[in-house]
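Quick notes on the structure that follows.
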Ligand code: GLN
């Protein structure tokens, strides 16, 4: 018998509407799974079940009283860097181990207003810095496909929770790949929208010129269901762009998926994305997916993009620089962790920060502060900003020749927990995703098969504001293939 966690959001919406089941039943099903199975993967930092059940009951009552919001009563969960009023918000850090936000992020508010029921807060790399979720103060997350492997990061808890059948959809954030790469490692779909599409108000900052919230789901359509209420202008975020809102779900549902549905579309492929470092099994899945796209009518054209090695260096200069500035607010006085018995104010700052931040965060603060220091600012920070401009220009040129650029999402499949390579090798794993953030472009990752039994994701990069096109394209692929339906062993495990 099909269980609730095997249904798509689309099916959940229909079922709730037809009263085939209630939000309370749905919410209880997911809570039961999380309660009995999450100890295997550690995807939740905070389980907010009492609230969730109260919300679900309210949703059922509202629906019975004629409230026809389609998403009313559908369960979801948030990455733990989105502020939730009255609920612990830690950003995966000891620094915020006791921080209860006094307000909701705009995204959280918008999602709640659409009727979704939040089950709690999901594990992540500390302050979203990382690619494997091993830097969380609350412990690593295990990949539902193979408990000995990482789920990717930094939104590892979000990707793993969806892949484990703990929530139908989840929010994430993506500064350099943190939605797309864990989506790839966990065999789910994830989208990072255009910079400015989704409000950053109440999302704990890592690198503000790159950070953008997005969604995870089992399919492009499921991602769209959560992205719709999240998107839109917010006057509380100065970088939010005021554009007419879009309806991604309606766009997808109006898309024809058969008989060469992608005829006329040009998909750009860059040699630079297939260079040394790309696992040969991953490459095979990617090439097969590109062939499928051709079969669906798309034309593959060759494009040039900036040398990924240059993009990587630029990102790992700018992101830590912005982080060092953003994280200066954690001083042991205003938020969260404070050291014991400080001798004086200086000791309070120093020890609170050395004890409150983990090793990777400290490394980034040191790198970033160095790049911003008076003597090196021009040589590093200013130079990197200039290179960033060139990266943007290169993407623009590439998009003169195509509608979408396709690439592997990550050079490898999920690696083993604890294998943690040295930081520089981990940074190398971000090579295909970070250019997108530097240019502010939208991109998604969707599953296209497996390499050695582990999921592989294909990245689709769009022009600015092309979320709808990306989601529709991935939907067409998903309507004609079954890769996104492959579920992890944990998702196939029943709660006792
Ligand atoms: N892995 C990248 C980093 O550590 C990206 C992280 C992210 O997108 N939040 O910076």
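Keep in mind that glycine also has a Cβ here, set from the backbone N, Cα and C atoms.
Annotated features in TrEMBL:
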| type | residues | note |
| --- | --- | --- |
| ACT_SITE | 79 | active site, charge relay system |
| ACT_SITE | 154 | active site, charge relay system |
| ACT_SITE | 178 | active site, acyl-ester intermediate |
| DOMAIN | 25-471 | domain 'Amidase' |
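Where TrEMBL records a feature, it is marked here on the structure.
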residue : record                               : Cβ within 10 Å
79      : active site, charge relay system     : 33
154     : active site, charge relay system     : 34
178     : active site, acyl-ester intermediate : 36
Expressed to the nearest Å, what is the distance separating residue 79 (active site, charge relay system) and residue 154 (active site, charge relay system) at their Cα atoms?
10
Across the domain 'Amidase' (25-471), average pLDDT on the 0 to 100 scale:
97
